[in-house]
Amino acid sequence: MGDPAAHEMADLERGFSSEDDAEYRSGDDEASKFVENEPSKRGKISQKKKIEQTNFAKWMDTNQKSLTRKAVKQSVNQDNSLAYMIRSWEGGEKIITSPRDYQMELFERAKQQNTIAVLDTGSGKTLIAALLLDHTVNQELEDRAKGLPRRIAFFLVEKVALAFQQHAVLECNLAHSVAVFSGESIKNTWTKGFWETQLADHEVIVCTAEILNQCLQYAYIRIDQINLLVFDEAHHTKKNHPYARIIKDYYASGKDRGLRLPRIFGMTASPVDALIDVRQAAIELEGLLHSRIATTADPDALRRAVGRPKKEIIYKYNPLVKPIQTMLTFKLRPLIANNKQFSKAFAFSEAAARELGTWFVDRMWQLFLEDEELLKLEAKTERSLSKDMAAPEVVEKHRNAVRSARELIRSHEFPKPEPGLLSSKLKTLSKLLEEYFTDSSIRCIVFVERRWTAKLLTDFFESHAAEIPGLKVGSLMGANAEGGSSQTSFREQIRTILSFKKGNTNCIFATSVAEEGLDIPDCNLIIRFDICKTMIQYIQSRGRARQADSTYIHLIEGGNGDHRRIMHQNAENEKLLRRFCNTQPEDRLLKGSDYDMDFFLRQERNQRQYTIKSTGARLTYKNSLPILQAFLNTLRNQDDYAEGMDLVADYSILSVQGGFICEVMMPPLSPVTSAIGKVYSTKQVAKCSAAFELCFQLIQKKFLDDHLRSKFVEKRHVMANARLAVSSKNKAKYDMRLKPQIWAELGVPEKLYATVLILSKPSALERPSRPLFILTRTPLPQLKPFLLFLGPVEQEMTSDLVCQVLNCPITPTEEDLQLLTKFTLKIFVDIFNKKYAANAQALPYFFAPTNKDHVFLFSNLQDPRNAVDWPLLRHVADRDAEAYTGDEPEEFFQDKYIVDPHDGARRFWLQGIRKDLTCTSPVPADVEHQPTHRQWKRREVPHDILHWSLTAWKATREAHENKWKENQPVVVGKYATLRRNFLADINETSKNPFCYFVLEPMRISPLPVDVVAMAYLLPSIIHRIEQNLIALDACRLLQLDIHPDLALEALTKDSDNQGEDERMDSIQAFEPVNFQPGMGANYERLELLGDSFLKMATTIAVFTLIPNKDEFDYHCERMVMICNQNLFGVAKSDDLKLHEYIRSKSFERGTWYPVLKLEFGKTHLKTLKQMDEHRLADKSIADVCEALIGAAYMTTRKHDDYDLAVRAVTRLVNHKQHPMTKWDDYHAAYVMPGWQTMPANAAELDMAQKIHEATGYQFKHPRVLRSAFRHPSRPYVFDKVPHYQRLEFLGDALFDMACVDYLFHIAPDEGPQWLTEHKMAMVSNQFLGCLAVSLGFHKFILHHHASIGSQIHEYVTEITEARRAAEDAAEAAGKPRSAYSRDYWVEAPQPPKCIPDVLEAYVGAIFVDSKYDYSVVQQFFHAHVLPFFASMRMYDTFANKHPVTFFTQYVFETFGCHAYGLHAEEMPVKDDTGLVTGKTQVVAGILLHGQVVEGAVRDSGRYAKIAAARKALDKLRSMTRQEFLDAYKCDCKPGEAAEDISESATAI
């Protein structure tokens, strides 16, 4: 049927001509130029983008199969894999399958007895030593608590460099004080008091063995004050070596005297380091160290686990020639040969001439006798001779000889390195390097015997690197007390190793320092330039090549029998070592938990079984291990899997009362993280029991099907793969509310509540004005002042509009209501040409004039009635217009408001009389506003002032044709603006406002001009008030008392693509589409804040209500609540219909009027019909939910009251896992677990105290802190607390909230993109790792994984070096070192994940320990995080490291190309792809000149774009400029910009 009123209007429009409906106009037709809501037009697609879209679509179609295929597929199907594993399980004796297996066994053995670990290089002996040290110190703390004397542990090394190396590793991995000493560092502090202080201050001391030997010798330390002795490279224990002296002189004698002796733990790759019998050496080593050897039954098997070279090659070089003395050496010999400082140099010159070539001898002298070095040698010569009591003339003679040598060097002409001056050995090395360094991935170590050889080879290849492209050399030598330019410090060694790790150096020339001890990143090429003299050298240097495709090369001299003998002897000795290991007694073998599994399973009767009734499939102890391994293999099919991830189960077996117990720990991708088996008498059965328990959990949780095969591909958590995202492209039409509920409360008002409308800057209005009252039946909320644009902004013609709500109501009489009604209706008719048929019962609000000015303090009013201008109300009520005869005095014609009763668009401000004009005078030429009726346009009437003043209908004009007073004065007026929207800065079309007319056809309004001036602002004011009230209606539905301005901000969407941009993933900056000004702040900032609070609130809820699930389940439970799909569904529900309250359209001149019966004036039914619906994306509706949560948070934040935000979360997620209605409900629901309340042991108390000293927070429950630092690799049975992942999950959300809240408040004018980019810096793993290290958290991480320890050490070294460099830079700039730039971490590498993880877990731990007191999180944030972010400007470019942004920079800077594009589309689903899981897959592609470079598929556009950009970067990095130009036909010119660069990215 349609709307009857609409039909009526259509009839009226057909009945009138355009000239006859002028009186119904309200200026809206002529004001069309001020309308901001122009329909958005589809942007023109450029030719470039069309090509890109076409090519991208073709590429997607071509590559769809490969895109949807999993990154890694199993080579065999699951059935075959399982069958194969079972067959392999049943046959043959099992050996150690995992390094963790033997490490834990060795650790347990070392706790019980003195042990020498004989294991290959790289097998994790240092990890075991660290575990043993941690265990020993923890036990020591318990002993002290019982009153036993204090003892300390010593970690002994053979070389000074190793002391600093091992100290760095232990300091990073132990939560106790670790000191390091070398003879040089303490030579001036060697006193009893000094050592007493060290024993009191530290728990572990790392030093060279001689230091401890002397301490024991001088009785500074007694043997019974030591609880653990660790001997690194224990094979040195022989004869009078300090290792042997410590044992013989102090340990053995202490044993005879019954002293409390330390545990001994020795580490070595071989019990021998010389050409002696292995068995005899082993017996002697065990005897000397009072220990038993622990080794593996099959060393080869262990090497397969820890890595060893794939290829071992012997290269022969031609026989070396007899050394020839060079001319320079000949000349130097008589000068300095007798000087002891040069004896080693002359000896090396002979070896260098033969081994390297004569060119190197002269180069050695050139480097050795540099000016700086010679000055040192001269001084040393003088000191040496002085000690020998040499005569002064002898000293002077030697000094002059050194100076003569320096002059000789300066004048010598050094030859170029011609082939004839180089040895065959050097040429062979050069050829090898040239051959291998065609591959950019090569990392090479060249082992040499002498320090000077390393120095000279580095110098040679550094100077001639251009001859071998890609070769970047460095040297690594031990610290040497002697002078000379080859001296290196430990810090320089670390820098070299870091450079090697980063790839800045890819070839190191190293002495034996790189063989033993120093932790060098795995390389893939080892070259023995000088042959291994002993088997242990061979084993240790070979252990440096651990990558799967590595190569080990021996250089031997052709025809050299000694070389062949040494090679043969080393090989035979290794065979003997293997045979020795195989023949060790049972108590010395590490066999692991798989050894002879079948035998032990047959012996054990008490085994559990589980049968699945539907299929008869049976889970047993025997098949649980292969079933579990098959399940692990299927984890490769998951999206989170990355190449190189370790998909193995770690079994930790401990000795307990009654036998052994095993805990199996799964990799992070597994939905079940761990299980503990039952106690059995053998390790083998205990291990099977743990595997059985974990498989049983997988069956119960439906991850194994009825045939015991993995269902992980299809099912994880019940909602893990659910379609939880909503599209920003999926839009629909929805109703939109135009009027608030408060206006529907009609009837005769008993009380009226006054809100006064005040201009903060009334001078911004071009004429005087006075405040107005708006009177309502219900009090209006106190709104925040909002800006009105009253004129040009550049002229500062803006003012805030203050809505001052008065508390005391008015009780109106019937007369009062009549006066107010007439005044209100008069404003509508005279100013806005709307005559309504309404009484006081029908009006939603009333206007009233005040008798005060804008500066009056209305808040002091006791009774608002006293501020109402009642005389004016009566004046307006008594007349429709002011009387006019034409004979009034001249002052009458000032400051009047003139209404044209026949044309609603014509209103004038009366300015005075124009005495030189009459009503018959022609309209002056400067009048720009002309009548619009047809007769005027057709010049059917005279263009004089009288007819300009007449706009009545034709019949009316003709009826009065000769009745107008000809002598009435012509007045001057200013055309009143048609503008209604003062909420936006709109540039009005400038026309001359002055006009000349007569008053007889017009009406003089009884409204004073100062009232009218203010009333002109009512459309904007009423619109904004209504928007606030509608927003509050939404909050009322949600039962949330949100501040009105925050409520409106949360519901405001001011552009078509608001909330739809992938801010951090688009190549270009975000630009709003169809932006609508004047709406105030939009929801995006509050959405970001609300998103963080929503994440935090739901995280706390699931952590509290589901204590027995793991992090994976937590993520799924939280995801279901916070996902856009859930928020969208709740918002659209019938009891909310939140979409109706979203404000998506700016001011429109027809919608502010009250809904009343219109008697006269233009209706807006058509406009209202357009405005009562809007198109919204699903995501926009979900975003508004988050923004409302942010608004609720902000409403009460200043009082530290989060109850309102908690209620908002509960209402908007509508989920059983978040029933809380106030903050205290979280902790009220928390049930403290038993492990938390157990008494803390001494180690836990010690840890809590140290953390308190570092952070300032004192734990009430130290075991919660312990949990925060327990890595998943550490078995549960060690600490009896959960690992840190649950607390990390909690802390991540808490920390994120603290960061967003901080940024939100320090940058009130910054948009969501700025907030997001700077939050990225604060929550990045890079920063969290840096912060954790600065607090010393890395030392407390409790892990049982060798690679984690080394990763921590590497990262701590790098971040410490970065900080030191920042301090150096501050000092160089003349600042204190403490004034270093706090962004030093930005360029540091990514930390091992466990470091930022424990920091987040710590945040979660303090929250739990403090009974859910969020203020402790804020205190931690302010105390420890903010110092790094005192200035956010230094992080403005942090987001530029984003892969997409970095790609564009790289392409432009490297190749000068700017014709790039980024496209993303949802992947078309074909066949069954994506249907099982219901996932939405998005494919993104990076394009250059319309050609797809690389693409990737992920679950969201964000991650697809990141992955595509990274792949594209990897591809382009290997290309030369010419290859790039050829491949992509690039013709970009420098300095030129792409024409349509803003369209280079799609929004998915």
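Backbone N, Cα and C define each Cβ position, glycine as well.
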Of E1288, E1310, E1494, residue recorded by Swiss-Prot at the Mg(2+) site of D1397, E1400: E1288
Stated Swiss-Prot location of motif 'DEAH box', expressed as one of 100-103, 232-235, 544-547: 232-235
By Cα-Cα distance, the member of binding-site residues L119, D120, S123, T126 nearest C1530 (Zn(2+) binding site): S123
Inter-residue C-alpha distance, T126 (ATP binding site) and K1393 (site 'Important for activity') (nearest angstrom): 21
Alpha-carbon spacing, H1489 (Zn(2+) binding site) to L119 (ATP binding site), which is rounded to whole Å: 57
Site of maximum Cβ density within 10 Å, from binding-site residues S123, T126: S123
Closest of E1288, D1397, C1457, C1532 to S123 (ATP binding site), Cα positions, binding-site residues only: D1397
Around the Cβ of D120 (ATP binding site), the count of other Cβ atoms that are within 10 Å: 24
Under 8 Å by Cβ from E1400 (Mg(2+) binding site), same chain, sequence gap 6 or more: L1287, E1288, G1291, D1292, F1295, L1328
Cβ-centroid neighbourhood (8 Å) of the Mg(2+) site, E1288, D1397, E1400 excluded: Y1284, Q1285, L1287, F1289, G1291, D1292, P1396, V1398, L1399, A1401, G1404
Candidates L119, D120, K125, C1532 (binding-site residues) - the one closest to D1397 (Mg(2+) binding site) by CA: K125
Candidates D120, T121, G124, K125, K1393 (recorded positions) - the one closest to C1457 (Zn(2+) binding site) by CA: K1393
Count of other CB atoms lying within 10 Å of the CB belonging to E1288 (Mg(2+) binding site): 24
Listed in sequence order, residues with CB under 8 A of K125 (ATP binding site) and six or more positions away: A117, L119, M267
From binding-site residues D120, T121, G124, C1532, the one whose Cα lies nearest K1393 (site 'Important for activity'): G124
Taken over the domain 'RNase III 1' (1051-1197), the model's mean pLDDT: 82
The motif 'DEAH box' (232-235): DSSP-derived helix, strand, coil residue counts: 2 helix, 0 strand, 2 coil
